[in-house]
Number of protein chains: 2
Amino acid sequence: MDSSRQLHLGAFMRPVSIHTGAWRYPGAYPDANFNFRHLRDFALRLEAAKFDAFFMADHLAVLNMPPDALKRSHTVTSFEPFTLLSALAGATEKIGLVATASTTFDEPFHIARRFASLDHLSGGRAGWNIVTTANPDAALNFGYESQMDHDARYERAREFYDVVTGLWDSFADDAFLWDVEQGIVFDPRRMHVLNHKGESFSVRGPLNIARPVQGWPVIVQAGASEAGRRLAAQTAEVIFGAEASLTGGKAFYADIHQRMAALGRDPRSLKILPAAFVVVGDTVADAQAKRAHLDSLVHYDSGIGSLNGMLDYDVSGYDPDGPLPDIPATNTSKSQQQRILDLARAEHLTIRQLAQKAGSYAGLAFVGTPQTIADEMEQWLTEEGSDGFNVMFPYLPGGLEDMVEQVVPELQRRGIFRRDYTGTTLRDHLGLARPENAFFQQK
Amino acid sequence: MDSSRQLHLGAFMRPVSIHTGAWRYPGAYPDANFNFRHLRDFALRLEAAKFDAFFMADHLAVLNMPPDALKRSHTVTSFEPFTLLSALAGATEKIGLVATASTTFDEPFHIARRFASLDHLSGGRAGWNIVTTANPDAALNFGYESQMDHDARYERAREFYDVVTGLWDSFADDAFLWDVEQGIVFDPRRMHVLNHKGESFSVRGPLNIARPVQGWPVIVQAGASEAGRRLAAQTAEVIFGAEASLTGGKAFYADIHQRMAALGRDPRSLKILPAAFVVVGDTVADAQAKRAHLDSLVHYDSGIGSLNGMLDYDVSGYDPDGPLPDIPATNTSKSQQQRILDLARAEHLTIRQLAQKAGSYAGLAFVGTPQTIADEMEQWLTEEGSDGFNVMFPYLPGGLEDMVEQVVPELQRRGIFRRDYTGTTLRDHLGLARPENAFFQQK
């Protein structure tokens, strides 16, 4: 393997913590997820620590939980990604800004245009996390009776991607002349009219904005299903992974790289960054105690809501101290559902135990000292379990401060994380090439 | 009339100048419309001059012009409104931020959410300019073969407005408790599920963001057709007017106020701000010379493109030095088309003359010294032709500087424009009440 490989670090910032007890932790800002001054401060600290990107998940509905669970969710009120990231673009200078946007409930012209605009406003720092929106309640907010089925969502996503990237290439990079003397703004021969007509979309184009600074904003994906992996191997430049163990991570890494090889893609053109929940302590025992205290702040009503959401099945009528019933296959995010089912099976957990894990965070976690956490991160990197991580903080601002003040310096000392940015765009940070325009060669 | 009435001033900033020769004026920034640093600087200057709002028009397609006209348009590449205004929200503190958003090619859930998010990010400074999108080319970018007809667009707009405002009221103002001790974020009895089912939309809700700071962002409209006036009298809080003369302005003002009275609306709940193109000189002759020079920079190919766009009819095949042919009634913005037809008839203009006017700006213009301009503005205010203006600059930065450094101080000296902001929200600046929540009384 390439011994010069370094970690790439994203910060998972919507919600600012995935942990449903986070807002109740002693010293935490309860409203950290919905306070722009705090979010701006977090973005500036992450930039000072040279993180690759600030990453926003998204939901197109209030989470589908019963009121007794929902009322305990610190994420029920949240900023919309394009507006928040654009506001942060004005406050920061280097950090990448990755917004989640749905291919199921939006229009390719809007999405292409907003990302192009964010990329220009931020000097080339935009990334698009492509999601197909698993939450069935979202469909009800967009005129549908029920959610489109999983594979149909992915087929639509693939065509959506083709339209968006085609629209980004509406103008050659050198199309704009600003020739005041002749009164010519751009060369119309360097403008492409897409004229897309496909199964799901008819979009003429051109886009009414110049080609993005990065050519295309960075393409990010999270799907771990067969359809998700296929789409990612074809199109993703970053995968926001969900593997909870190094063994699983290595298998996923190998699988995606095999798929890319079969497609003739350069393996360096894709970075795999699993989500990692990071809890830092002075000792391992101290970190574990912090996590245990945090987990104790998850109310059962909240945990069961999270569990139902992940399973896409209501288990609240079953005995909390009994096992999970059989869960029918559903239309939801398969990776999330499978992770819970695997965990229940492997550790023989009751519904109550699973609920606390679901509300706490049941995925990959690094809980220890800066040294042990750096050890684990380095092992994932060197053994090709990942190219870095999308870090989730246990509570804010403390958990973020621990990461940037203690773990990042340790990673830098080991030479596996940058001490400064070497470029200005998100592509620069990730070591990704700028895509050529599909319709125009550079003159 | 109320002698304490004062002017309200918006700045029409997308495009930064409506004049197609603006980018070629000596000393102008050619790319002023697509340079974020410039736009941030303009916003800060307008805020220092205590403008009510920064106003963005929008287009959902490249302007429908032949390439020879299009290539001369400084607006062919532009920022998308939500991303630009959000970035400006972070850079400014007081000025209102009005974004145009289409009810024909977007979803009420998205629009409600983005405006709510912008309103929270900006501390209550968002306004929504409701448009139905007249440009027929926009339809081709959203899967339609042709544009929806004018009246159908307005029916859809009315329902869209009902859904958006209903979604903004998803949470009572006092719904969020952030009770760390009990682990309760909000009171679910203070959340309303809209369950809208209408002709054009089915939207369940609730919106996944707290009620906007302003209750509702300020509702702005520009339509001058019968359907547009009806919708405005029912719903608008600001009308972006298009009357080119004080006589027309007074008639429009009276008509809208009669419609409001018939509906039982308080006349103070709506401000009428016509577009006004302002050219400042040391003498009236100097200002007229500036304007003439600016008009001379409009290329015929560009002017004819603007004219065709306003007419929604291609007249480029007719004798440039002959009169307009009969123009068929079309599906476009009726106010814009009628303005050109009225002008052609009143001044017996040829196609060439009309093309230069169309490319230059054929509507209301104040061309003179700071004193004569203030005289005219004051006359419009006192004679109830308007409540202020949406100022269009002839070129940037010079035209903006002339306005804020010369005209605004003269208006302030006369006591008809604020010397400082007295509140923090756009509603405060405009003197508009905060709407009550339709579903919850304040406790």
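Using N, Cα and C of the backbone, Cβ positions are placed for all residues, glycine too.
The FMN site recorded in TrEMBL includes B:Asp58, B:Thr100, B:His150, B:Tyr154, and the single candidate from B:Ser4, B:Ser202, B:Ser225 that the record places there is B:Ser225.
Between the candidate binding-site residues, B:Thr100, B:Ser225, the densest Cβ environment within 10 Å is the one around B:Thr100.
According to its DSSP assignment, B:Thr100 (FMN binding site) is in a strand. Confidence across the domain 'Luciferase-like' (B:24-383), taken as the mean pLDDT and rounded to a whole number, stands at 94. Sequence-distant neighbours of B:Asp58 (FMN binding site) (same chain, 6+ apart, CB under 8 A from its CB) are B:Arg14, B:Glu80, B:Pro81, B:Ala99, B:Thr100, B:Ala101, B:Ser102, B:Val131.
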